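Reading through the structure tokens given below for one structure.
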Amino acid sequence: DWWFASTAIPLLAATLGPLANVLSIAALVTYWRETVFVGGQFVGDFDGVPFRDPGWCYWLNVASLILGFVGNFFLLMNFTQRVRYIIALPMTIFLWYAATALLIGITASMNIYAPPVRPYETYTQGFWYAIIAACLYLICSMILMINMLGYFLGHYPDTFTLTDAQRTLILQTMLFFIWLAGGAAVFSRIETDHGQSGWAFVDALYFCDVTILTVGFGDLYPTNDLGRGLVFPFSVGGIIMLGLVISSLHKFMAQLGEENIVQKHAERIRSRTIDRTVRNSVELRRKQSNRFLSRISISRPIGAPMQPHPIPTHSLTHRLRQAASLNPATRTRKPKLIVLREERDRFNAMRKIQHSTTQFKRWWALTLSLTSFSLLWCLGAIVFWRAEKGPQDMTYFQALYFCYVSLLTIGYGDLSPKSNAGRCFFVVWSLVAVPTMTILISDMGDTVVAAFKRATFTLADFTVLP
């Protein structure tokens, strides 16, 4: 019953931890406030002029980043079994809680003691990245505490029993975020030194995100030949890494479902089949009599005394007729009995169970991925609707449209994030939502697409290919 806490939670923390580190870097290297009243007129969030933060904000931000990296290091040592579980995991939880406390403290203090003067000033993307990083550190710490609770309750040992594929997923995720953050640093330097307008690290991070995910809104693009040439290897390497991460994640989710959900479903079907199975006429008559007697006991009024003596044959016949004529609302429906007289009958019953399990496995995976896609689509649209309502007067329907074309990586470019909060949220949301959409398409290939293919072949048999 604790399979999610023992396996899925450590992998989830190992995935979100490096992402929180990348966002914490973005919060450190970017000023948190900017002036949007430039030259006697108001400008957009991306055209504002940033100004320096207080010294206490910067150094506490440095401390939170160090704590986050050290906590991620202890988690990695825990996975590789270089440091004991009882030492490494509490250190990770404590350090990530400390990083969360520092980020929450400096963002709250900034808002209280040195807030931007509205409407002439506003918060930059660095401030919003700090808030999101604090949320991710907090989530990782809380779910790892659930993992420790399962260990103290004795549900699993003090080691992460991960397969080679799961360890590979952790390594691929870390390399992907290193590739993303490293590419953002390089593109930021190139566009600042040789570009037309210059990019901050957060702008380059957004550009790298939409490039690797093949969304391509067109609001940011390289403005010099050096940046255009670097897009070739960076995009190919990023897409390959992202594909490996999605493939490993899909295999991991399928493996968890196979071991903990599909097998239990198959066991329930086998148990029901065994309860309904008879091999000869004697067992058939006995089970039918037991079912009729159970109906009679159900129809007996509450508090009525049980028969102390055996029921005569004529009385039993009368009671059986009475049970058969009961109101359908007062009797329970039971499945029909299965007669397995020969080996072929048992083989067919086994094949039927296997087929039912296979169908359940496919439709369960599709239901899970479809639910995840729907939640990310609708909830993400709510956030974009609120964040972009001021800069571009976005409605909720437009937010749904924007999320949809982003999830499908269409990227028309007619709508794109125009606020600092919207752009920061898009980077985090897209890194979760787009892979979810890819997994959904893969699951549809085993169910909906396969059914459509069979229907096409059936139609062809009656029309063009008899």
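Placement of Cβ uses the backbone N, Cα and C atoms for every residue, glycine included.
Curation does not apply to TrEMBL; its annotations are automatic.
Feature annotations, reproduced from TrEMBL:
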- 175-254: domain 'Potassium channel' (DOMAIN)
- 374-448: domain 'Potassium channel' (DOMAIN)
- 12-32: transmembrane segment (TRANSMEM)
- 58-79: transmembrane segment (TRANSMEM)
- 85-114: transmembrane segment (TRANSMEM)
- 126-149: transmembrane segment (TRANSMEM)
- 169-187: transmembrane segment (TRANSMEM)
- 199-218: transmembrane segment (TRANSMEM)
- 230-249: transmembrane segment (TRANSMEM)
- 363-384: transmembrane segment (TRANSMEM)
- 396-412: transmembrane segment (TRANSMEM)
- 424-442: transmembrane segment (TRANSMEM)
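When Cβ distances are compared across the two stretches, the transmembrane segment (363-384) makes no contact with the transmembrane segment (126-149), since fewer than 3 pairs at least 6 residues apart fall below 8 angstroms.
Outside the transmembrane segment (199-218), and at least 6 residues removed from its termini, the chain residues within Cβ reach (under 8 Å) are 22, 25-26, 29-30, 46, 50, 124-126, 129, 180-181, 183-188, 191-192, 231, 234-235, 238-239, 242, 406, 409-411, 413, 416-417, 423-424, 426-427, 430-431, 434. Across the candidate stretches 85-114, 126-149, 169-187, the maximum count of CB pairs under 8 A to the transmembrane segment (12-32) is reached by 126-149. The stretch in closest packing with the transmembrane segment (126-149), judged by the count of Cβ pairs under 8 Å and taken from 85-114, 230-249, 424-442, is 85-114.
Here the transmembrane segment (424-442) has long-range neighbours at 19, 23, 125, 128-129, 132, 202, 205-206, 209-210, 213, 215, 242, 245-246, 249-250, 253, 366, 369-370, 372-373, 376-377, 380, 383-384, 387, 403, 406-409, 417, meaning same-chain residues at least 6 beyond its ends whose C-beta is under 8 angstroms from one of its own. Most Cβ pairs under 8 Å with the transmembrane segment (230-249) belong to 169-187, among the candidate stretches 85-114, 169-187, 396-412.
For the domain 'Potassium channel' (175-254), residue counts in helix, strand and coil come to 62 helix, 0 strand, 18 coil, using DSSP. Counting residues per DSSP class in helix, strand and coil order gives 58 helix, 0 strand, 17 coil for the domain 'Potassium channel' (374-448).
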